[in-house]
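To start, the structure under review is shown below, and the notes come after it.
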Amino acid sequence: MNDQRKGDHAEPTTHFGYQDVPESQKAKKVAEVFHSVAAKYDLMNDVLSGGMHRLWKRFTIELSGVRSGNRVLDIAGGTGDLAAKFSRLVGPTGQVVLADINDSMLKVGRDRLLDRGVAGNIEFVQADAEKLPFPDNHFDCVTIAFGLRNVTHKDAAIRSMLRVLKPGGRLLILEFSKPTNKLMSKAYDAYSFAFMPLAGKLITNDAESYRYLAESIRMHPDQETLKSMMVEAGFDRVTYHNMTSGIVAVHRGIKP
């Protein structure tokens with residue numbers, strides 16, 4: 001966050017992609033992006049990742065340790081990829097809460113899961129990751145996939161996730177990160193800033209939203225920084241696993 005102020009009473013600013021915007025405006029701008037892309041979000045995920053996002057999510061689920069009877073919170077759950085899989089794992093005695101701050105994404109997720117007949121043990125909640133509306137010590141596992149980079153105050157969100165977890169509960173953060181290979185990093189930059197907006201224009205008629213998404217990835221904390229943020233929030237045994245040469249990483253932490 002950029003804490004520079006133009007005057008004694010100026011509002012703090014934060015980044016929206018590569019832009020500096022007042023903190024109060026970021027959530028609105030992010031909401032506009034996801035209202036725009038919600039209907040074709042799944043299609044664009046497949047196109048832009050070549051289907052790899054499904055493998056990344058599968059590995060995250062394996063790391064979660066979720067089992068029958070667990071209560072799981074999937075933040076920024078969007079169209080319900082993770083929630084559908086957790087629903088099967090927790091079974092009829094468990095519960096999955098799919099939370100998203102964006103009502104358009106939440107509607108797409110609800111409709112998609114209802115159509116697939118997998119929403120029996122899933123609750124849909126519109127919620128802000130920074131101020132989760134759930135009791136303390138409530139969930140066995142909390143996940144957030146490709147959502148943390150869009151949160152204004154990431155540290156506050158991580159603390160909120162810690163609060164709602166039971167002692168011994170697990171947080172998993174799946175997010176784009178910093179490539180570990182210089183050649184891969186250069187290729188990924190070219191891909192992100194040329195192909196992603198072009199694909200957005202051709203498929204959704206919205207290049208700007210995908211330009212923002214590319215920029216937001218670059219502004220997100222790298223692997224070690226995010227690990228430190230989780231430790232500072234109070235998580236124990238924080239580890240991360242790089243996937244696809246660090247383009248994506250999944251972090252896991254345990255509530256003491």
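Just so you know, glycine gets a Cβ as well, placed from its N, Cα and C.
Swiss-Prot lists 1-12 with the feature compositional bias 'Basic and acidic residues'. Residues annotated as region 'Disordered' in Swiss-Prot: 1-23. Taken from Swiss-Prot, the feature S-adenosyl-L-methionine binding site covers Thr79, Asp100, Asp128, Ala129.
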Margin query: Most Cβ neighbours within 10 Å: which of the binding-site residues Asp100, Asp128 is it?
Written below: Asp100
Note to self: As a test of the contact definition, list every same-chain residue at least 6 positions from Ala129 (S-adenosyl-L-methionine binding site) whose Cβ is closer than 8 Å to its Cβ.
What the structure shows: Ile75, Ala76, Ala99, Ile101, Ile144, Gly147, Leu148, Val151, Ala157, Ser160, Met161
Checklist line | Cα-Cα distance, maximum over Thr79, Asp100, Asp128, Ala129, record's S-adenosyl-L-methionine binders, Å | finding: 17
Margin query: Going by DSSP, is Asp128 (S-adenosyl-L-methionine binding site) sitting in a helix, a strand, or coil?
Written below: coil
Notebook entry, point to check: CB neighbours of Thr79 (S-adenosyl-L-methionine binding site) within 10 A?
Noted result: 23
Check: Should Thr79 (S-adenosyl-L-methionine binding site) be counted as helix, strand, or coil on the basis of DSSP?
Finding: coil
